[in-house]
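In what follows, a single structure is set out as structure tokens and then discussed.
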Amino acid sequence: MSVPLSAYLVFALLLFCIGLYGALTKRNTVIVLICIELMLNAVNVNLVAFSKYGVNPGITGQLFSLFTITVAAAEVAVGLAILIALYRNRKTIHIDEVDTMKR
Amino acid sequence: MMENAWLIPLFPFVSFVVLLVVGKQLKERSAYVGMLLTFISLIYALGVLYERWTAPTYKQAYTWLTIGNVQLTVGFEVNALNALMLVVVSLVSFLVHTYAKGYMHGDERFPVFYAYLGLFTFAMLGLVISPNLLQTYMFWELVGLGSFLLIGFYFYKEEAKAAAKKAFIMTRIGDVGLLIGMILLFLEVGSFEYEAIFAALQNGNISTTIITLSAILIFVGAVGKSGQFPLHTWLPDAMEGPTPVSALIHAATMVAAGVYLVATLFPLYEASETAMMTVAYVGGFTAIFAASIGLVQTDIKRVLAYSTVSQLGYMMLALGSAGYVAGIFHLMTHAFFKALLFLAAGSVIHAVHTQNIEQMGGLWKKMKWTAPLFLIGTLAISGFPLFSGFFSKDEILLAAWTHGHVGLFIVAVIAAFFTAFYMFRLFFLVFAGEARTNVHDVHESPMVMVLPMIVLGVLAVVSGYVQTPWGAFLGEWLTEGTNWHAHAEGPSWIMIVATIVSLCGIALAWLIYGKQAIARDWLSSRFPMTYNVLMNKYYVDEFYGLTVMRATAFISLLFEYIDRFLVEGIARSLAAATRGIGRIGSRLQNGQVQMYGTVTIVALAILVVIFAVTGGYL
Amino acid sequence: MQPYFLSLLIFSPLLGILVLSLISKEQEKAIKWLGVLATLPSLCLSLFAFWQYQNGYDISQLTEKRSWIRFGDFPFLRETDFTVAYELHVDGFALVMIVLTTILATLAALASVSIQKEWKGYFQLFLLLEIGMLGVFAASNLVLFFIFLELTLIPMFFLIGKWGYFEKEKAAYSYLIYNGLGSAVLLIVIAILFARTGTANIAELRHILTDPIAQMQTISPISDDLRYGLFIALLVAFGVKLPIVPLHRWMLRVHVQAPPSVVMLHAGVLLKIGAFGLVRIALGLFPGQFQQFSTWLIVLGVVNLLYGAFLAFRQTDFKMVLAYSSVSHMGIVLIGLGSLNEAGMQGAIFQAVSHGFIAAFLFFFVGVMYERTRTTTLARLGGMAKTMPYASGFILAGAMASLGLPGTSGFISEFMAFVGAFRAEPWLAAIGTLGIIMTAVYLLRAVLRITFGQTTVTNVHDLRGIEWVPAISLLLFIVIIGVYPNVLAMPLQTTIETMMNGLGG
Amino acid sequence: MDFETLLSYQWGVMMPEFIILGVAVALSLIDLFMPEDRNRRLLGLFAFVGVAVSFVSLLGLWTTGVTSILDDTFRLDSFAKSFKALLLIGSALVLLLAIHYEPNERIAYRGEFYYLFLTALLGAMMMASSGDLITLFVGLELLSISSYILVAIRKKHTLANEAALKYVITGSIATAITLFGMSYIFGFTGSTNIKEIAQQLASTYDENHQYILSVAFLLTFIGLSFKLAAAPFHMWAPDVYQGATTPVVSFLSVVSKTAGFIIVLRLIVSVFAQTPAGSSASMLMTLAPYIAFLAGATMIIGNTIALRQRNVKRMLAYSSVAHAGYVLVAFASLSMFMFEAIWFYLLAYLFMTIGAFAILQVVSKHHDDEDISVFAGLYRRSPLMAIAMTIFLLSLAGIPGTAGFIGKMNIFLGAFIVEPAHYVLASIMVITTVISYVYYFGIFVQMFFRPVEHTHRLEWPPGVVTVVVVCIIGTVALGVFPNIAYDFLAPFQHFSDFLQ
Amino acid sequence: MSGQYLAFFVLALIALGGGIFMLNLNKVVHMVVALVFTFVSIAGIYVLLSAEFVAAVQVLIYSGAITIIMLFGIMLTRHQDDGQSTGSPLRKALALLGTVAFGAVMYIGIRTLDFGTEAVGLHENNTEQIGIALYSKYVIPFELTSVLLLVALIGAVILAKKDDKEEGE
């Protein structure tokens, strides 16, 4: 008797929601970025869970999650770089202060 | 000659065009152009009349407009009635052309005046020879245009402007009636030709409702044109036009067109008792109504104008009482003596530079020609025995009596009394007594003005003899081939009554204004109310001002508000709504990137929730 | 005649546009003359065609057809499905409208001498507008019709927005939005018909929509409800152009703000596209629906007629009077169309043509007047008969024609429309006749205000030079149609017969 | 799998991608060894030539049949070819613009721009010819990440920083949402190959599974709508457009958007077209109303907010949002015209948008804000360009005679031919189009009616002029003779190999 | 309750706990540290799912690299560690509502999802299996990923690098 697939999926869903909510409400841009990473992690949990308990289980899911991780890392790196460039000019990492362009 | 009768209207038209183009160069020589061309018309008309005397009715038609499989035609027709009318119109027109040369002398827009006269004469002659309703209507309107232009000839005068406008609009109200009436007839008969209409009437192809309805509607047109109550108010105002115009248009020819129209369509009216009654009662009422107003007016031309209205009512009364011949007979005699009166009045005005009879008087000695001629006219209109008006009026009274309208007969008699009274009031005030004018060198008008008056004066006397109780010469000719009475047979006391009434009127006028045995302010002091009502023409204008004009203004205002606020408002609010969506959208776009994400997530949540709910998963 | 005759006729102003673009901006005289000259080829061609037609030439020989666009060549479709051909075709009605357009274009070009600036761009846009208008009348498929219709939209926007009066941009936008929406609705209809039947050719569509057997073979079914929807959409689309109350607000602004020479074309031709479309497309494709709505059309017509008339009575600006007068007069078109009989139809078409001439005529004089007095406000004008007798006479003549005086084209059309209406709906028609009276009332009020009374503006000169040409020729056309209407009725006969056949009687 | 097997694949069909990749790598090396003070314009030309060669090689493959490499991780079919052509044409034109882009402040890293641009293009091209979730995803991310950097490349420009940050954050959230959806699609099939997925899903009859899949569909679609700049993921567009340089903006609004439609079509159509759902024929049909709803919202939002803009770039951003909505109408209709309609519209959109941006780039050169008044009196300063701009805007507004009209007509045909027809959606499209007249014509008002505000001479570099001329020819030619474009698609038989 | 269950619950609890702490903590550094717990626990769950290689990568990249980068970033940006959120409460409520609604809808679908299948042999030579797949079937995306990483590298460098001219600042 093993842990059912739905348990993993619900866990991933919760993680995703936490990440999403954090990304939408946290003020510090770094945290926002890391929350996005959390969302991507939730995706990975899904993928890995499906690779074990899904239809036609196999290694593919794990592989997919590896790509995801890589891409996420690249994304966060670029995000941080942009943040640093912004910080140089604006001296802030608070995302709500970055609203010069609007309407 | 009859084959070319269409040329008769064309000569004046040529005059119109020529004067429009080269009038400026011709200056006052324009008069000769107009006179010459109308004279040709007159000669031609006389020729046609002569020929028609023996020849049958001549008609010619050409296709004009094709609607589906219906061919509308234009053409011309010469029958007894319009042969007579051609002569009357072209004669009066020629005389007025001549007269105006003197009267209008020195006017800046002399050629324009003659051009307009030409246009009017063209239209009137065209109206007369029209063989169908549509063509009649077209010239009917053109006549109105000529009248409008000539009333407004002194365009810089506000009164002239208003009068012209009023004339056009009031007659147009009538014209719409005519238009509807003739369209209804057309839809029933399938043709505008008089012949076809009469044939259909005889075959009983037209329902009685339509007959009555269209007859009355067409009569509405006549009411407008002939200044019958309730559309009469424009005619007195039309006196703002130059006096020759009043003589030609608003006395002799155009205003008689309504009578002419009813006469032309007489079979139609005969077929509907209701229509006949309407015509008779409207005519009768107008006759006495206008005459009563005429009693107290002080403007020489207005008195004559109300007299015209009243006399036209007389004619309508005659037609409505089956007095076909009587109506036309009076039309003709009236044309002559009323034209004479107007021309004479013009001559007076020319001399004293006022139209107010209170400021005239004692002109008998100074105007050797005008005064007697005016007297002839006055006697004729008053129905003084052996003058033309006597015979024609007598014919009308006979017609009314024989047709059994006792009430109308009485009305007509009273109107005759009024007529005699106010006409002689006018005569005495102008020509008798002391001179009350400020103009000292009052002198007779030039011969060019006097001559036409003399011609008319002669006609005013003799034209009555074509139809006397002793010989219905005119009537027999006019009613040839019909079953209408050439002469109304009635008790002979009627003539005596008419004579007495007319003499009483004259006598009363003489007592008040000639001998001054009765105080002039007898009426105004005894019955100030009545006097005021009469003086103010029964407040008809004011009534219209309060009702029709107010209503029009109100509807316009209402529409204006609808247009400006409702229609535009809806358009604007739609635009505002569009912009509102944009504003909401751009308020969400507040620069906060997390807001952007939130919007997305909320949208996503809404979509999935909708999906879950509608899919029945929740 | 050549097979390219119609294309040549429509696109001949293009030559003018090209030549103009080669001329330097400064050569004012040359540009003006070229602008006028460039309208002449199409005028000559159209008059030639009209003359030929009057002499019995079979006009359908002018039809042109070349394959052009094909949307999707799926193997299961017929070769002709979803193709749009470049196809032109004229019948009597279209030819009459084309002649009207070319005449007014030339005269409006002559009247454009009062344009103050940038003649080059003005005439280029003007000629472009002419191409669009000519194309609309000659197009024999809906897509082409729409293309030409939109081709009128753009030049008009610029002509109003650049060369108009004070509120010109607002007026241009009003024009754009209202007409844009109208065209948009039309586009939807066209696209639906095209998508569901696979053809945009008007004749083929008529066949498909009216023939019960052909109906079964459409690509997608066209239900009755859809027909009603499409018909109403067409009514709205052309109702904006015509305009039908309450879709008329834009055209007031255009009338007031656009330069008079442009309004000559706008009131003279562009509004008539609405009438043309209603006849050609709404009636041509949906005769059944048209019949069912005919009473409502008369109602709309009467509303237009009276609404316009009463509002014109209140206006203080002569241009506004004429604008509402246009609204009112277009009501007569609707009344005529709604009558669904020969007289009414003929009256409607006559009214379209007649109002074209009359409106152009009056607006020409608005231009003349404004050039001299710098105002069109009634209160500031008066007694022009003294200073400008001939111009006043013409204005008066125009007003008379407009109020339907016999002997002018205005009478014939009004008369026929009412004959038709009395046959169809006597009571509504009777209410409508009130409009005839009101027309006289408001026109005389305005025109007499200007020409009669005390002279307010002195030191102005009467018509001179080139101005006589439009004045006299327009009046001549108005009078010719009024005196001998068969000159117009004969060419229209076949068109009206076809329409009546479509209505089944 | 051994090396021989690997070599046995027809790697030649990847030639266009290889060329782009090769040029990108070469450029990065050249940039590294090139002296600091040398003008980097040469690199741009090189990149342009690379794109052109790639395009030629693509044309060489035009009639090649469906070719699949490594279980569809690379797949050359008619869809891939036709849309890659769009990407390459667009990129070539944008590159020409970029070569002549000289803002007030010098961009420090000009060289990088070109090879990052090429990698972005590479990502988009990979998406176009991929039949595998992972390749699609990686391609998408390659495009995204390159774009983030392209936007941020003016790093001393505060607006650019802000734009890039907003772009990267929304973009990452979008990626996460897309992936979350994709993870379920994967989970229900156990495969990343789209064909296999479709086959697997075709036998999904469990209602609960259909439910999850439908939600996954919506998640994926909404995530991808970020790339399309369609509602509800459109809000980044105006800010990013405003902050980015004009060539980058034209890249984003043309190439990136096209790539977005590529992945949407690839993924959604092929995966869900055969998935049963409820009573309807397929899950795609069942969920089409949601797409239609989003399309409607996109059009309304785009066009109404654009009315309020004075900044031309923001205005064009909202306009590009609206245009995404128009294309989505074609998608939501799911008619037989869908592919052609989308392809044609994107082609038309490519010409008119790049043309408009080309002119904007020159006109707004000396102004930091692209306020609409930069166009004031353009007709006097440069009449031909004003007329060119007029044609582009007319095309954007969908006036007949231009490509935009034919594109819209095509979309309408699709919307009306299906049963039940999309009357409401098409009406929204038409009405919002009319609304769009207002702001497009607002530019006309500036160009033709307003007096000149800025008198300095406008310089029209040859590259920009070339772009404008090409775009004019494209816009007008496609408007008058649209069959030129359709004939290009003739060998593809209406993308019948899309699902093979 | 088997050990697997127990392990899952503990790990899940820690992971979610870390996340919830992150949401509620005030100091940025604390948040990051809380997330480290989450990331590590997720690695544990990977192990439960027979994905040892992924688990290792997770630890290396997330718990290691990314967290370090983040902290590095925080340091670079002068330690503005007030992670308190101050956005409008309405927006937060909307975000919460949206997230919860979305979560609920998803939850309905997945709460009982079970395909009744279980992969066997995933943990045997896990890394090798991954390697084979990666270098055969997925070689194209793999190579593409390398380009992507290159791009990210270059991008990060040019964006984060201080320009020479500016160094005097």
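Cβ from N, Cα, C; glycine included.
Feature annotation from TrEMBL assigns domain 'NADH:quinone oxidoreductase/Mrp antiporter transmembrane' to C:139-437. According to TrEMBL, the feature transmembrane segment maps to C:6-23, C:30-51, C:93-115, C:145-163, C:175-195, C:228-250, C:295-313, C:320-340, C:352-370, C:390-407, C:427-444, C:465-484 (among others).
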Could you check whether the transmembrane segment (C:352-370) and the transmembrane segment (C:465-484) come into contact, where contact means at least 3 Cβ pairs under 8 Å with the two residues of each pair 6 or more apart in sequence? yes
Counting only residues at least 6 beyond its ends, the same-chain positions whose CB falls under 8 A of a CB in the transmembrane segment (C:6-23) are 30-31, 34-35, 37-39, 41-42, 45-46, 49, 62-64, 88-90, 98, 105, 120, 123-124, 127-128, 130-131, 134-135, 138
Would you kindly check C:30-51, C:175-195, C:295-313, C:320-340, C:465-484 and say which stretch has the most C-beta pairs under 8 angstroms to the transmembrane segment (C:228-250)? C:175-195
Which residues of the same chain, at least 6 past either end of the transmembrane segment (C:390-407), have a Cβ under 8 Å from a Cβ in it? 325, 329, 354, 358-359, 361-362, 365, 368-369, 384, 413-415, 436, 439-440, 443-444, 446-447, 450-451, 462-463, 471, 475, 478-479, 482-483
Against the transmembrane segment (C:320-340), which of these stretches has the most C-beta pairs under 8 Å: C:175-195, C:427-444, C:465-484? C:427-444
Do any residues of this chain, six or more beyond the ends of the transmembrane segment (C:465-484), have a C-beta under 8 angstroms from a C-beta of it, and if so which? 103, 107-108, 110-111, 113, 350, 353-354, 357-358, 360-361, 364-365, 368, 391, 394, 397-398, 401, 406-412
Same chain only, please: residues at least 6 beyond the ends of the transmembrane segment (C:175-195) with a C-beta under 8 Å from a C-beta of the stretch. Say none if there are none. 82, 84, 142-143, 145-146, 149-150, 153, 156-157, 160, 205, 219-220, 226, 230, 233-234, 236-241, 243, 247, 249-251, 253-254, 277, 285
